[in-house]
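Reviewing the structure listed below.
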Amino acid sequence: MRGLLLAGLVALPASVLAHPSPAGHGIQRRAVDLNAFRLKTSATYADATETANDPALSFTSLEKQSYVDTATQFVKAIAPGLTFRVVDDHYVGDNEIAHVNFRQTANGLDIDNADFNVNVGKDGKIFSHGNSFFKGKIPDASSLTKRDFSDPTVALKGTMETLKLSLGIEKASIKPTDGEKESYVFNGVSGTVSDPKAKLVYFAKPDGTLALTWRVETDVDHDWLLTYVDAQSGKEVHGVVNYVAEADYKVYPWGLNDPTEGSRVMIKDPWDTVASEFTWNSDGTKKYPTTRGNNGIAQSNPSGEDDYINNHRPRSSNLSFNYPYSPSSSPPSSYIDASIVQLFYTANMYHDLLYTLGFTEKTGNFEFNNNGQGGRGNDYVILNSQDGSGTNNANFATPPDGQPGRMRMYTWTKSQPYRDGSFEAGIVIHEYTHGVSNRLTGGPANSNCLSTIEAGGMGEGWGDFMATAIRLKAADTRAKDYTMGAWAANDPKGIREYPYSTSLTTNPLAYSNVDGDDSVHSIGTVWATMLYELMWNLIDKHGKNVSAKPTMKGGVPTDGKYLAMKLVVDGMALQPCNPNFVQARDAILDADKALTKGANRCEIWKAFAKRGLGYGAKYNENKRVTSNKLPSGC
């Protein structure tokens, strides 16, 4: 689960087929550790420097050739003899770098964890690229022509047995998906939010072979899973991807992290009309007198169920959302309207800021009506306040572009009275950032690209970093330390092992700490610590802007804080599917090269080198090579 914390494992009945759940669906607690099934895909990343200096990688588009054609020819040259398809999510970012994603195929089927991303500069030359294409032997197609593989229903049962999913399938039926090869939908299954799906694909195994698998998709609230079930046995699970990562508004204004930092105020028309052209209370076709609009729909969800449309939302015919709240109030349900408004405000403010930083419709952002700006619509964020499916946590589900994101904010029971996570902006921002990193890494159509332990850890780290950067105050210096989740958890130390700090005494974390660590949250703390160093190096050079939005000059933030955030966002779009620390670092360096011609190269290198990810650092799954060295010129 990509949530704020790692949830404990609660056992479910072992015989899921003998005891199906009742009609409808209930909240399912995870009965197995999904980390055991994480993908182990290895990608390569040729950064901008390597690409420019290697004649074998130099490739320039022909006159009048599109960037998609250029990228396609490049992949053909790099991977001769392999078959692949262009993923329909290519775009040109606001830094003028074009991003094109490819999926390898075999015998007419996708190899679901074999991807190639090509970044093309505005000069028509290849800027950088990432590659996780399968290089082994392609199986003979005879098993497909003879249909020598299991039925998708067998794969669904195998998923249920292996992952202990309590689904009711006694009334299930199956039908093929129109226009798709070996793709099916299960109707009449209880225990899921939406109908399960199965699609026949290949899966590249760590031993260098390809397995024919059924990719079984099951959304069971807390876990929205893609399970790769061996199509021969119908039982062996080769890997699992989880999409879930645990007017007038009276609110705590943007920049205040929680109730300890200030007071609520009335804010009038806070939206950015470029990012939210319909305002926050309209989707361009209809105006809503409630907490619903183009970017999100916020409501209470005490049952923890999925039928959000009919749930309670505060209503105001004159769009004046002013409701009482005090941190000393109890129970939390007594201030649910204030909670919903706060969550709606924070999520929309972040949407508008991210738009300025480059997370727009064409890059896969979350909007119901994309208004002809590219990408796929119908995917605002479902914002559940005081969600009854859990406590002391939060999570965000990120399906591919065109399907709504889903944020669940919980009540925290670590204090008396209990505290509502929606009033800690850092938690909301952390969760929303899962949606950003999943949509940008590998392209908007692929939400599987932060599925390895290290990539998933960086997913947690990006969330912590963005939340921390946003809460900076005018008087802060690089000596300022920040914790994560301290107010909600009622613990001044927060919910991470160390506070975010540039002091090696206060926070000694370095690249070597990732060795042997299988917790995405502790890995993420290492990554966010490095980004915190990066931010302060850039602030020392460019100054600090604590306004709600950056001042841009030629598409570049003029201050160090927002420049760091911009480079992080741009780096996500450049890096390969399932990156490691070294590749993500190189993507940030490339982002600066594209945005500023490398003006901040040394500041970036110094930040990473301080924490062991310097020049010469190398990724190895079991023993990472650390380095505090700087490249020449720094």
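Note: Cβ is positioned from N, Cα and C throughout, glycine not excepted.
As recorded in Swiss-Prot:
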SIGNAL    1-18  signal peptide
REGION    282-313  region 'Disordered'
COMPBIAS  291-303  compositional bias 'Polar residues'
CARBOHYD  Asn318  N-linked glycosylation site
BINDING   His430, His434  Zn(2+) binding site
ACT_SITE  Glu431  active site
CARBOHYD  Asn545  N-linked glycosylation site
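Distant neighbours of the region 'Disordered' (282-313): 25, 27, 193, 221, 276, 319, 321, 333, 336, 339-341, 343-344, 347-348, 351, 366-369, 371, 380-390, 408; these residues of the same chain sit at least 6 beyond its ends, with a Cβ under 8 Å from one of its Cβ atoms. Cα spacing between Asn318 (N-linked glycosylation site) and Glu431 (active site): 30 Å, rounded to the nearest whole number. The two recorded residues, Asn545 (N-linked glycosylation site) and His434 (Zn(2+) binding site), show a Cα separation of 24 Å. Taking each of the glycosylation sites Asn318, Asn545 in turn and counting other Cβ atoms within 10 Å of its Cβ gives the largest count for Asn545. Under the three-state DSSP scheme, Asn318 (N-linked glycosylation site) falls in the coil class. In the three-state DSSP scheme, His430 (Zn(2+) binding site) is classed as helix. Annotation note: Asn545 (N-linked glycosylation site) sits in a coil segment as assigned by DSSP. All protein chains considered, the CB of His434 (Zn(2+) binding site) has 29 other CB atoms within 10 Å.
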